[in-house]
Structure formats: C-alpha cells, structure tokens
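These notes are about the structure you will find just below.
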Amino acid sequence: MVNEARGNSSLNPCLEGSASSGSESSKDSSRCSTPGLDPERHERLREKMRRRLESGDKWFSLEFFPPRTAEGAVNLISRFDRMAAGGPLYIDVTWHPAGDPGSDKETSSMMIASTAVNYCGLETILHMTCCRQRLEEITGHLHKAKQLGLKNIMALRGDPIGDQWEEEEGGFNYAVDLVKHIRSEFGDYFDICVAGYPKGHPEAGSFEADLKHLKEKVSAGADFIITQLFFEADTFFRFVKACTDMGITCPIVPGIFPIQGYHSLRQLVKLSKLEVPQEIKDVIEPIKDNDAAIRNYGIELAVSLCQELLASGLVPGLHFYTLNREMATTEVLKRLGMWTEDPRRPLPWALSAHPKRREEDVRPIFWASRPKSYIYRTQEWDEFPNGRWGNSSSPAFGELKDYYLFYLKSKSPKEELLKMWGEELTSEESVFEVFVLYLSGEPNRNGHKVTCLPWNDEPLAAETSLLKEELLRVNRQGILTINSQPNINGKPSSDPIVGWGPSGGYVFQKAYLEFFTSRETAEALLQVLKKYELRVNYHLVNVKGENITNAPELQPNAVTWGIFPGREIIQPTVVDPVSFMFWKDEAFALWIERWGKLYEEESPSRTIIQYIHDNYFLVNLVDNDFPLDNCLWQVVEDTLELLNRPTQNARETEAP
C-alpha cells in the first residue's frame, strides 16, 4: 500500500534528509547479483578479440591524440560520443611527452583516455612511451592508469628529443623493456599492445632485425600488434607472412590512414619516415590546394585498400589513424559496411567501461540525460548496484561543485547557447517558449533551433517522440519537463525505440514525468493528486528543501524492467526518493550555472532565471498502473483546470 503523504497538502517544509548533498566515499549496501546482460562488459580486450577471431566478425578501432586546449578537449569528447555510435571495438589515445601526458590536466593523454573509459564507455588503450623517463615515473603512470580504470597499454619506445637517440640512465631504452616491466610489476592486469612496422623500423639495421625485436616484445608478454600505416596491401601481407615465419602468432591489426589533406600527409610521412608511392604523389600533387578533392581521393584509396585486406582473410580488424577527425574515417567504414549504428542498448542508460562498474545494472532515472554527471558523482563508490537498487538511507553521492569540468561542459559555446535560449528574456513565458522549441524542433524567432537544455545536452531521445504532443501542450503552460518516459507493457527487447537488453526478451515501463513548475501550480497539483493517491507516486521539492512525497521513505520504485530468456528480471531504472534529494541540488543549480550565468548580474534575464530557481518546485510523478493508459497527462490537465478555475470570491464579485 502506498504511504500517506509526508508533509502537509500545502507546501510546508519537511526537512528530514532534504538539503545536503553529502560526499561519503562509498555506497554501503548489500546487493543481489544478477547475470550480466552484455557479455562484452565482462571480457578483457584480448578476450573480445579472440571471440571475434573465432566468429569471423571483423572489428574496427580508432586512434586519437590529446588536444592542445581545454576547448579542444570538450570537442574531442563530443567526437568520442558520436563515433562510439558506429561500434568501435576500442580506441587508443597517443602519449605526447611535451604535453605533460601523465598529469591531471584536461589536455593530458591520461585524462583523455580516462574520460573515454569512464564517461564515454569506450574500451581504451593508453599509449605509453619509455623514452626520456625514469623507472619511477613510468611505474607511477601505470599505477595511475590502473586506478583510473584503464586496462590496456600500448608499450612504445617513443621518439627521441632531437635527432639522436640517447639512453636514459635508470630508465628503459626499448619497448621490450617496458613490456617486461609491466608484466613484472602488474602481472596480467594490463592487456599490452605493441607496434609493428610493415617495412621495418627506420632505425633498425634490417627488416629481419626489426622482426626479431618484435618477436622479443611478443615473447615478453605483448598480446597483439597494431601496425604503422602503409599504402599497399602487399606490404602488409609480406609483413604478416614474415611474422608467421618468425613464430609470431598473436593478432596483427593493420593501421589505416585515410589521406585527409596535403599538409597532414606530409607531416605524418615525415614523422613515420615512410615513402609515399609515386602513383599517389602523382594524383595528389595537382590537387594539393583542394582539401575536399584530396579527402575524397583519400576515402576512395582507403576503401580500396581495406577491401583488399579484408578479402585476404589475414585481417582480424582495421585500426584507423583519425587525426582527431571523423568524416573521412566514418565514410570509409560506412562504405565497407562496418559502421553499425545498432539501436539496441545493453541497458537503458549509457555505460561506463571502468572495470569496477562492470556489474552495475541499476541507476536512478533522474540522471537519464546526464549520465556523465552521475558517473562523476558516484566515482568514489567501491561497489555498484547490481540486480536491485536496494534500501539505502545514504546513497553517498559526491558533490558536483565544478560544472565546468571539460567532460561535463556543454558542447555548445556561450554564443550559441544565447542564440538558442535568448539573448534577452522578458518573462517566465520566454523560458516556457525555449522548452517548447526544444521539443518541437522548430527554430526560434531569430531562426535558431534549440538543440539542448541545461539538463540535456543531447537531442531528444527516440521514446520522447511517443509523448511529443502531450509534452508540447503542458510545457506551453509552465510544466517545464526535463525527463519523461511512456508506459510500456511487454514490448520486444528488439524494439527500435524502447528496446534494450538481449534479443528474445520483453521490456516494461511505468509512465514517468519530471518537471519544474511554479508554487501555485504545485499547490493545485497536490489538490488533484488526492484522488490519484493509490495510483500515482509523487515527490515535490524546492531549492530550500521543502519536501512532500507519498513515496515510502527509503523504498525505490522500479520504473523500468525487462524479462529475458534464462535470466532473472532486470530492473535497471528506479525512482528513489533519497537519490531525488541529491539530484534536486544539481537540477536547480543548472538553472544558474548553465543558463543564468549567460547574462550579466542584475540584468532582467538573469533575474528571471534566478526567480525560477528560487521559487519553482521540481516534481516527479510515477503512474504505477503501467498496463492502463497513462494517467499523468490527466493529472496535469486537472491541475491546470483547477489553477485556471475562478475563485469563489471572484465568482461572487462577478455575479449580477
């Protein structure tokens, strides 16, 4: 039975556990364990490769380098998210000695790779060089990588500073030394990749001598090889045969470089000391000032090369040197049929690839549109909910004090946000209009589309289309929705809009609606909710901590679940009243941090946003009768009707 509302029907404070966000170090809970939905979440990279090799399923992977600026870091993380949609098996991040690569700077190799794993859910290889580094430095970098959740290292010697190679006293001089050290110090924790040179390393005495060095690296513990770029398939085929003859049996992945510009080609060739075939030079030289023409030629060349490699049966996958660009590589993969935007999701929310989160399969619904924030606020947990959220009075969410961490920043710059949300606001209705335009996809009066809100930096989720008309109607009237889901009763898990999990299952949802609204509307809503008491769970809270709910105090409400062959029921999304009090701090702060601070202090626009922050309520509603038609729209309609109904005194005044 649903509990009676705690708090009065008018909006008086009920402050128990309401205002503080806390920052305890771990979540104390005992969790039921359920079988994982996605086997790849529990496999290390070399196991994923082995399974693909056995099945004949080709993979692709992508290389990126750390950006030079903070803005570049924000853009690169956005690119990770976009390119993750195509299904890379892994990415790798290069090690730039000049850029303080092991530091906590947002442009460091370590931080970019950590962000890819933790916040983008990408299996990631971190390059690491031993050139000009002491043993203690290298070991420290490896321990830090492990602590950040990185499990794959590409062990490289690195390029010398200047033209001449100088040995480092107390350090390592060759990649094989680094491989041996990783295995000696960390055992089997890391999967190790090493570089192969299809034409031999430019500093090697001979091709055969270089192959012997490669064999030494594999014998020391390397799990697979990624090659330097090359331009002709026969170069790779000869290399693979030579490796086989040498007794090298691990996977060898060819490195592919789609030519994207004349200057980038010259720079890469200079660094790699490779010779470009004359027939390629003959094509590029006349069009060297036409970037589009060179890019198109590079795409055609890469597609042809990849087709020849794949047809040989010698290639387990393809590794692309992207130069931090996406267009050419994406186009090549699409033409090869390897870019697969599978709408199916292992779970309804974005995954992290950190090893300690591999069992995680339950989250509160509130962070559905801010998964990176949720991961940040729970990064100190020692274990993660698996099977059920559980009863907990202390979810221990870390505080979100810095809204400008590069992986949490809006992808849109200030100028673009002002064009979307308004250079100047004149009333609360101006704010309502922004929400409506975000939902409708129509441009504002200045011709700019609203593609994000402070609570959602992405386009609308596919399932929002099922509720679009209702959402538009209520947002026009000051019910400012930031999260919603329709009720679902047994849709196939393969459904392209609401499906998730393995095939052959069925998914279910309770209708959910979360929104900001004025105090007057909240008071009317509470009056209406009395007649829905046994069906609808509600929770209203404002920035001051006034808190009214009819939900059981410490009891989460499962609002998404799935039934799959041979498995227990999975409940990946809950509405948890305790977590909601932590979420409300973040949700209210976003009014100011993301929107209000776009305007000058004391300006009318800033004042309007501040008023909403100070006076509105954050509300969530759950319709527990998921097999029936969603009643939440009727609840809202009844509320608006009550709000607009003339008062008794007004009617008496108007009477003749």
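From the backbone N, Cα and C atoms, a Cβ is placed for every residue, glycine too.
Every protein chain shown contributes to the tally, and the Cβ of Glu63 (active site, proton donor/acceptor) ends up with 23 other Cβ atoms within 10 Å. For Glu63, the entry in Swiss-Prot reads active site, proton donor/acceptor.
Phe65 (NAD(+) binding site) carries neither a helix nor a strand DSSP state and counts as coil. For Phe65 (NAD(+) binding site), the same-chain residues that are 6 or more apart in sequence and have a Cβ closer than 8 Å to its Cβ are Val93, Thr94, His96, Leu323, Asn324. The annotation NAD(+) binding site is assigned in Swiss-Prot to Glu63, Phe64, Phe65, Pro66, Pro67, Arg68, Thr94, Trp95 on the grounds of similarity to another entry.
Swiss-Prot lists Asp159, Gln228, Tyr321, Arg325 with the feature substrate binding site, giving similarity to another entry as the kind of evidence. Following the DSSP three-state reduction, the secondary structure of Tyr321 (substrate binding site) is strand.
Swiss-Prot lists Asn456, Ala461, Ala462, Glu463, Thr464, Thr481, Ile482, Asn483, Ser484, Gln485, Thr560, Thr573 with the feature S-adenosyl-L-methionine binding site. Neighbours of Thr464 (S-adenosyl-L-methionine binding site), defined as other CB atoms within 10 A of its CB across all chains, total 18.
Per Swiss-Prot, compositional bias 'Polar residues' is recorded for 1-12.
Under the heading phosphoserine, Swiss-Prot lists Ser9 (among others).
Taken from Swiss-Prot, the feature phosphoserine covers Ser10 (among others), and the record attributes it to experimental evidence.
What Swiss-Prot lists as phosphoserine is Ser18 (among others), and the listing cites experimental evidence.
Per Swiss-Prot, the feature phosphoserine maps to Ser20 (among others).
Annotation source Swiss-Prot lists phosphoserine at Ser21 (among others), citing experimental evidence.
Summarising the annotation, Swiss-Prot assigns phosphoserine to Ser23 (among others).
What Swiss-Prot records for Ser29 (among others) is phosphoserine.
Per Swiss-Prot, the feature phosphothreonine maps to Thr34 (among others).
Residues annotated as phosphothreonine in Swiss-Prot: Thr94 (among others). Taking all protein chains in view, 21 other C-beta atoms sit within 10 angstroms of the C-beta of Thr94 (NAD(+) binding site).
Applying an 8 A CB threshold to same-chain residues 6+ apart, the list for Ser103 (phosphoserine) reads Met110, Met111. Look at Swiss-Prot and you will find Ser103 (among others) tagged as phosphoserine, backed by experimental evidence.
The phosphoserine annotation in Swiss-Prot covers Ser394 (among others) and rests on experimental evidence.
Under the three-state DSSP scheme, Thr464 (S-adenosyl-L-methionine binding site) falls in the helix class. For Thr451 (phosphothreonine), the count of additional Cβ atoms within 10 Å of its Cβ stands at 17 [all protein chains shown]. Long-range Cβ neighbours of Thr560 (S-adenosyl-L-methionine binding site) (same chain, at least 6 residues apart, Cβ-Cβ under 8 Å): Pro348, Ile365, Gln485, Val507, Phe508, Gln509, Lys510, Gln571, Pro572, Thr573. Distances between the Cα of Arg325 (substrate binding site) and those of the recorded positions Glu63, Pro66, Arg68, Ala462 are shortest for Glu63. The separation of Tyr321 (substrate binding site) from Glu63 (active site, proton donor/acceptor), Cα to Cα, is 5 Å. All protein chains included, Ile482 (S-adenosyl-L-methionine binding site) registers 21 other Cβ atoms within 10 Å of its own Cβ. In this record, substrate is bound by Asp159, Gln228, Tyr321, Arg325; the longest C-alpha to C-alpha distance in that set is 24 Å. Using CA atoms as reference points, the binding-site residues Pro66, Trp95, Gln228 were checked against Ala462 (S-adenosyl-L-methionine binding site), and the closest is Pro66.
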